[in-house]
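Engineer: Submitted below is the structure of interest, expressed as structure tokens.
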Amino acid sequence: MQSGNLSTVSEFVLVGLSEAQEVHRLLFVLFLIIYLATMAGNITTLVAIGTDARLHNPMYFFLGNLSLLDLLCPTITVPKMLEALVLENKVISFTGCMLQLFFLIHVVGTEIFLLAVMAYDRYVAICHPLQYVNIVSMKLCARLAVGTWIVGFFNSLLHTSLVFTLFFCGSNEVDQYYCDIPPMLALSCSSTYSRELVILTVAGVLGSSAFVVTLISYFFILLAILGMNSAESRHKAFSTCGSHLTVVCLFYGATICTYVRPSSTYSPHQDRVVSLLYGILTPLLNPIIYSLRNKEVKRALRRVINHVRIAL
């Protein structure tokens, strides 16, 4: 594309995962299977939580929100990647790129805040079990869940507006398989310093706040578990929190590596690997992690699968 500004740029080209044509079909089959498995796992979890009255409590309400986010995250990026692999159509319009970035950051930001809310829920359940029902009511859960989506929306709106009011000239090739903040900043021909500073500051404040809530919650949870007299109670508490803690480590590790650093350290190949972790593999692993470590979820999933088998 010839030199121009954002008013003349009408499309971008997504480089994708690999430029080697001979592996495109293999990658298409691999990621199609992963995507379908992710959809099946998270939809089954949502159905299990929605149809089992014993799972209608705060913990599983938040897990349902997490499953919804894990449905949306790969759906924002994977279909376009699959289209590029099988049809070689790597072009995305300026508006399409902007919307893809907006929805992706919205989902990622919402999940960060939701994981912090889930950590607080586990803190109250383990450290204040007798007061849990009074403290964490379904009304409060609904407000907290809606709050995470609202904060995620405005966080995404800010980041998207900062990126797409930049000037773009020269190459229009986005060195990634979807539109994301680091490759878009690297593509801009105008100074990005002030915008990077705002992005890093906002992401740092919001992300650090959510991380601190999670860290403090698990600090007190650990103290409470170590103070339990019953080995069975300790095992049950560790099992309940272990799933969430595993998801937190996977998600935070990948997002920090991607977003919390200056664009001067941007590495396309490294970012592709990391983005696959939090954008495709983590949404696949989340329902597996929760179902394998939670007896109630496993029982509900078995009932759903049995109903499906009978229907078929």
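Including glycine, each Cβ sits where the backbone N, Cα and C put it.
Pulled these features from TrEMBL for this protein:
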- 41-290: domain 'G-protein coupled receptors family 1 profile' (DOMAIN)
- 26-48: transmembrane segment (TRANSMEM)
- 60-78: transmembrane segment (TRANSMEM)
- 98-120: transmembrane segment (TRANSMEM)
- 140-158: transmembrane segment (TRANSMEM)
- 197-225: transmembrane segment (TRANSMEM)
- 237-261: transmembrane segment (TRANSMEM)
- 273-292: transmembrane segment (TRANSMEM)
Engineer: What stretch in 26-48, 60-78, 98-120, 140-158, 273-292 has the biggest tally of Cβ pairs under 8 Å against the transmembrane segment (197-225)?
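Structural biologist: Maximum Cβ contact count belongs to 98-120.
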Engineer: For the domain 'G-protein coupled receptors family 1 profile' (41-290), what's the model's average pLDDT?
Structural biologist: 86
